[in-house]
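J.: Below is one structure. I have some questions about it.
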Amino acid sequence: MQTLLTSAQMRKADEFTIEHLPIASIDLMEKAARAFVHCFLRNEFDTNKSIAIFCGKGNNGGDGLAIAHLLLHNGYSNIKVYLVNFSDKQSLDYAINLQRLEESRCKKIVLNTAADLKSIKSDIIIDAILGSGLNKPLEGEYAVLVDHINQSKKRVYAVDVPTGFFAEGKLPKEYNGIKALKTICFQRPKINFFMPESALATAQFEVVAIGLDEAFIQKQTADFYLIEEDDIKQILQPRKLFSHKGTYGHALIIAGNTDTMGAALLSAMACLHTGAGLTTACIPPSGLVALNTRLPEVMSLPRDEYTKIENPEKYQAIAIGPGLGVSNENERLLEHLITTNQPLIIDADGLNILAERQDLLSKLPAHSLLTPHMKEFDRLFGAHESWWERLQTAKEQAVKLKIVIVLKNQYTFVCSSEGKVYINPTGNPAMAQGGMGDVLTGVIAAFLAQKYATIDAAILGCYVHGKTGDQLAKDKYVVTASEVAPGIASTIHELM
Ligand SMILES: NC(=O)C1=CN([C@@H]2O[C@H](COP(=O)(O)OP(=O)(O)OC[C@H]3O[C@@H](n4cnc5c(N)ncnc54)[C@H](O)[C@@H]3O)[C@@H](O)[C@H]2O)[C@@H](O)CC1
């Protein structure tokens, strides 16, 4: 897992590296600039293009000056450096790099006010005005200048973080910072890059290592962790010789209704392909023919208005919700399951029932798992203005209720009962289609049936689900849930 640090912690990592490597801070800045340029040159390779670099007077601007120097050495001859002189303060390393640039062939233009910038003729813009030192929203001259840059509609590359974008914490409702095509950020992604609001600030981001002390970073106390493929490889257990279906657990999927039977089929199919030893689908009798035709391996438990799950303890995982329908019978069924005190995976209509029956929330068996998307989450826990606030609630509720909350998003947040947030990096917009969540529920149920810990089942489930979608999306505009479910088995195989 990559430990994700706040800006204040990143500054400490800078200081630690400078003191212990040891390395002079100006040399660390040079390394950062080199890493930026290396990445930039992989994206832009036509040295005939002209570049405008906007530099503030802090260390972000210092990076910009060093980048100008390096681009000149890499064959770009048409570079204009705009010195954004809106503040009296300047950092020491900025001053050193400005001195170094004096002797170069770069054209330097001082902007004492935003109005000093007439028109931007350059093909590409590099934004190094303000970085992680941002401490208040943009206003005055900064806001006007940034607006001017955005209006130019040029390709903008941001250094470390787009000017005006907060690296962590609640983002303002109206974003008035730089809108970058790409942000090349240093050593770790900013936590807010994983929030949907970041789409306004940067279309993409890429992280480049600048030589900060990794051991120091990894051992910092943090709330956010980025899941990596190696973590998944370590958690996954191979299937053993002499094992049999009983070894891999029995999953019960309570799902489907007359007009949403597909959800039950998709969930059960995913459960099957993720390796549960036995899968039983508890569906209305009207779905039995479809189930037997489509998924002969899956057993059925017909669901009618009197259904009670006898001997729930015989299942190692019970998932309830996909396509279930919100009805009094289903409410009674969910309540009955909660009283058995067996951990549950609750999705879709299971969550909608919970939203109407808030009294059941506090009775949820420990180690249960909720898999809401944004709307389901807000129905459960109240409306939120920003994703940062939503995530804070998710963290608090996971701790309070002793459960795992899988808050679905482009980057899904897995919130543990210990208050940690694990960010899943896999998945893509081609997967944005009905049925995808039903598949995820089935995948997590299968991992739970195989006796993975709840948090591991959630992390594994999100990762392999997204990775399967990523593989399929390589040559497709859209991938369907029916394709993802059977693809899970190959993904797991490749990871082992
Ligand atoms: N050793 C280091 O600390 C390294 C830092 N690096 C760069 O340094 C950056 C951080 O540098 P700094 O801490 O100097 O901060 P910045 O360069 O981001 O900003 C510095 C100044 O901006 C002012 N400011 C903040 N918000 C403002 C606002 N809304 N309007 C007007 N002024 C505002 C601050 O008061 C401060 O004086 C990183 O983003 C990265 O680009 C890299 O060079 C790598 C090494």
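Counting starts with 1 at the first residue shown.
Cβ coordinates come from backbone N, Cα and C, glycine included.
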J.: According to TrEMBL, Lys408, Asn409, Gln410, Tyr411, Thr412 bind AMP; which one of Gly434, Gly435, Gly437 is annotated to that same site?
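T.: Within the candidate list, TrEMBL flags Gly437.
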J.: Which of these, Asn60, Asn74, Asn78, Asn85, does TrEMBL say binds K(+) at the same site as Asp127, Thr163?
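T.: Answer per TrEMBL: Asn60.
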J.: To the nearest whole angstrom, state the Cα distance for the pair Gly62 ((6S)-NADPHX binding site) and Asp127 (K(+) binding site).
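T.: Approximately 12 Å lies between the Cα of Gly62 ((6S)-NADPHX binding site) and that of Asp127 (K(+) binding site).
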J.: Please check each of the binding-site residues Asn59, Asn60, Gly323 and report the ones with a CB atom less than 6 Å from an atom of ligand 1, ordered along the sequence.
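T.: Near ligand 1, sequence order: Asn59, Asn60.
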J.: Just the number: how many Å between the Cα atoms of Gly323 ((6S)-NADPHX binding site) and Thr163 (K(+) binding site)?
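T.: Thr163 (K(+) binding site) has its Cα 44 Å from the Cα of Gly323 ((6S)-NADPHX binding site).
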J.: Enter the number of other CB atoms within 10 angstroms of the CB of Gly62 ((6S)-NADPHX binding site).
T.: 30
J.: Relative to the mean position of the Cβ atoms of Asn60, Asp127, Thr163, the recorded K(+) site, which additional same-chain residues have Cβ within 8 Å?
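T.: Surrounding the site, in chain order, are Phe54, Gly56, Gly61, Gly64, Ala128, Ile129, Leu130, Gly131, Ala158, Val159, Asp160, Val161, Pro162, Gly164, Ile178.
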